[in-house]
Every structure is written in structure tokens, then in C-alpha cells.
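First comes the structure, then the notes that go with it.
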Amino acid sequence: MNESVARVFDRILRGLGLKTLNAQFLLSYALMFGLAACASVALYLSMSISPETINVAGAQRMLSQKMAREALQLRLGAGDPKALAATIAQYERSAADLDAGNAERNVSRMGAPEIAAQRQKVAQIWGRYRAMLDQVAQPASQVDLRGFSQYSTELLGELNNLVSLMSARADSVQHTQMWIAFGCLLAILVLVVLGRQFGLAPLMRQLRGLEVALTEVGAANFTHALAAGHADNEIGRIVAGYERMRQDVSGLLANVKRSAAETDKDVAEALEQALGAGDQVARQHQDLDQVATAMNEMSATVAEVARHANHAAHSTRDAAALAHEGRRLVEHASSQTGALAEELEQTALALNTLHQHAGSVGQVLTVISSIAEQTNLLALNAAIEAARAGEAGRGFAVVADEVRSLANRTQQSTQEIQGLIEQLQDGANDAVAAMRGSASHAQSNLVEADSAAQALGRIVATVEELDGLNQQIATAAEEQSQVAQDIDRNITNVSGLSEQAHEGTAAVLSANQRVKEHMAGLRVVLGRFRT
């Protein structure tokens, strides 16, 4: 019921163009102020007829009787003419004050038609009565005392009527003004009650609804929607502002929750990939350890080849010296040639072993290159995932770039080692061919030992050629030994870089784990908000 009446009043006020609460309350205040002013004016007008006016009219009755008494006393010779004259003058002044009003005596003029007619009637009677007073006051004059008494009685009666009319008029005016003031005060009370019941009460209900909504917001509940009755008043604008704030914050929290869920998913994927990268780096580190061990063995083998090459060089020089001694030492030369053939065979076997080890190293380097490429791809994927994660993945992106850089350097070093191994294989192939040629010559020397004297010149030339070849073999072996040492150092460096990559991967795993814990805390905090 109250809501219906409140809506009716609201429609009426809005129909008058008073759409805002400020304008509506201003109208009610203006009405109450106008009614209060009207009540004040009515109360003032109720006091406009002074009681002194009624007193003056009543005093005229006593003055009329006093004048009659004083006139009769003068007629009997006992009165004072001055006293009668003073009484007459006082009566006439009172009559003039009643006719025109006298502010000094606080006498107001009552201009009601019936009162004016009664004053006119009293004035006519007073005119006749005044003439008879003068006659009665003279002892020697002939006066109709009965007529004088009748005029005195008539004047007194009309004065009584005048006083009654004036009193009734004063009471009527006073009652009318009092009723007007009472009506204004009653209207003010009605406005206050209506404003409280149908203005303030709906306003307070809306404010209480807003208070409940804001309390829900304070409790992290953004699902409580508000609907404004009118969007063009103060409460409507406040509710509209609250709704915009609620929807914006609710949308923001929903986006944050969605972003947190996606970030948590990305972090989980990055953590899984980092675990896989860590396993790859660990396997790469193991493979590099195996390569380093193989390179150490190859270095030892190359050193052995160098020693054999030097020994072969010494042998050929000895053979050349013995060849110059002559035929007498042919048999000894034959035995030396057999020994030389055996050494050459061993050298060929050693070079074959070197060639095989070089091939093994090439295979290991191929594995290293493949691992480096996989590491590079994993680092690139990690960098892409970190870029997707935004600010939360920046640290992981830095680590991923470092891992990718290490993988690139490992791949470059592996390619360089591969080139050196290929050179080593080419040199080993040449050496094997040379050794096989030398072995063939040695076998020929053994077969042709009987013709050593005739072929002594050719033997000397052959031995000199063997000496040159052995010098080349020794030089190549020394170079291969140096290359093997360089490869060993590079492999050691690669192993160190792999260790750093392994540590970096562990750091990335730790960072991802911390990010995952932070995201879990963020989910707990966001879970408090209902959107």
C-alpha cells in the first residue's frame, strides 16, 4: 500500500517536472515554509483587533451614564459644568478613535459594515442626546426629563449593541485567523508525515538496499545486482554508478581468474617441458662424459702411433746406413726389412684402429649434434611458452635463451670437432695406404734378398723413400696428437657447458615450481571473490 501511494506521489511530482530528490524535497520545504508564513500572518492578524478597542467601546457606555448623572446634578445645582464638559469631550474622543483608529492608544478601526452602521446609528442618537444634555445641564430650561431618560436608555442600548458587534467581530476574526493558522500547521504536519512515510521511507529503503549491496561487495560478493526505480534522480545515479563499478570489477576479476587459470596451465606445461629438458641435458652430459673418455683413449692411441712412427723413422735411417755398407750386410738388411715389415703392419693396424676410433668419435659427435639440436628446439619452445606467460615467464625466458645459446655453441663446437675428425680420418687413410705400400716393399725385399746386391741401389732409394714417408707419418701423428688434445679440451669445455645447462635447467625447474606455488596462492585469493 505504502509503495503504491509512494509511486503515485512520485509520478505526480515527476509530472510536474520535479524528477530529482533535491527538487522534490525543495518543493516540500517551500510548501512548509509558505504554510508557516501563512500561519504566522494569520496569528498576526488574529491580534490586529486590540482589546483596547473593545475597552474604549465599553467605556462609552459608562461615559453615557456618567454624562446623564452629571447633567442631572448640574440641573439640581450640585454638579460641575467642567466635569460634564470633560466627560463629553472624552466620549467624543473615544467615538473619533473608534471611527478612525488611534495607534497611540492602540485602538484599531473596525470597518465591518454592520459595525459601521451601528456606529452611525449611535452617532445619530448621540447628536440628539448631546443637545438634550446641554438643556438638562441648565437649571432654568424646560426639558422633558422623561424623553431625556429614554434617549439615555436608547443610547446605552445601542452602545451595548455596538460593543456586542465589535466583540463578536473580534472573536470571529480571531477564530478565523486561528483556524487558518491551525490549518497551516496541520498541513505542515501532513507534509511532514507524507514526506516521512512516502518520501523518506522509500528513499531509506533504497539506501538500505544500496547498503546491503555495498556490504556484499565488502564481503567479496559481486553478484548482488541493484535496480534503480528512476535513472534520472540522485539515488538512480548512485545505483547506476554502483552497477557500473560492480560489473567492471566483476569482469576484471573474471578476466584475472581466467588469466590465472591459463597461466597456471602454461606454468604446468613449462614445468613439464623443463623436466623433459632437464632429462635431455642430463643424458647429454652423460654422453659428453663418454665422448671425453673416448677422446682420452684416442689421444693415447695417437701418441702411440707417433711413437711407432718415430721408431719406424729411426729404423729406416738405420736401414739406409746399413744399405751403404754393402752386400755383406744384405742378410742383416733382410732381417731388418722383415722387422720393418712387421712394424709397418703394426703401424697399419694402429692406423686402422685410429681410423675406427675416429669413426666412433664421428658417431658420438653426430649424437652430440642431434642432442644440441633437440636442446635448441626445446629452448626455443620454452622461450615461446615464456613469452606466452608474459611477466610471470620473463625469468624462464632468460634461462631458455641461455640454454639455446649453449646448445648453439655446443653444435658449433661439435661441427668443428667433426671437421677435425674428418681430417684425422683422411690422414689415417693416407697413412694406412703408405704403410701397406711399405709392407709390400718389405715383402718384396725379403723375396728378393738374393738379388740384394744387384738391387742395392734400388734398396737404398727405397729406404730413403721409406724414411721420408716415416717422417711424414711421424709429423702427421704429432699433428693428430695435437688435434686430439684440442678435441679433448673442447669436449671438456662442452661438458662444462652441459653442466651449466643442467644447473640452469634445475634453476628453471625451481623457478617454475615457485611460480606454480604463487599461482596456487593467487587462486586461493581469487576464490574469495564471487562474480
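Using N, Cα and C of the backbone, Cβ positions are placed for all residues, glycine too.
Around the Cβ of R61 (nitrate binding site), a 10 Å sphere holds 17 further Cβ atoms from the protein chains shown. When secondary structure is read from DSSP and collapsed to three states, R61 (nitrate binding site) falls in the helix class. Swiss-Prot lists R61 with the feature nitrate binding site, giving experimental evidence as the kind of evidence.
Marked as domain 'HAMP' by Swiss-Prot: 201-254.
If you take every residue in the region 'PilJ-type' (52-140) and average the pLDDT, you get 84. Sequence annotations record features per position, and here Swiss-Prot assigns region 'PilJ-type' to 52-140 based on a curator's inference.
The annotation motif 'N-box' is assigned in Swiss-Prot to 54-65 on the grounds of a curator's inference.
What Swiss-Prot lists as topological domain 'Cytoplasmic' is 1-24 (among others), and the listing cites a curator's inference.
Marked as topological domain 'Periplasmic' by Swiss-Prot: 46-174.
For 196-531 (among others), the entry in Swiss-Prot reads topological domain 'Cytoplasmic', with the evidence type a curator's inference.
Long-range neighbours of the transmembrane segment (25-45) within the same chain, counting only residues 6 or more positions beyond its ends whose Cβ lies under 8 Å from a Cβ of the stretch, are 13, 16, 18, 173, 177-178, 180-182, 184-185, 187-188, 191-192, 195, 199. Per Swiss-Prot, the feature transmembrane segment maps to 25-45 (among others); the stated evidence is sequence analysis.
Feature annotation from Swiss-Prot assigns transmembrane segment to 175-195 (among others); the stated evidence is sequence analysis.
Cβ atoms under 8 Å from those of the motif 'N-box' (54-65) belong to residues 87, 90-91, 94-95, 97-98, 105, 107, 129, 152, 155-156, 159-160, 162-163, 166-167, 170 of the same chain, restricted to positions at least 6 beyond its ends.
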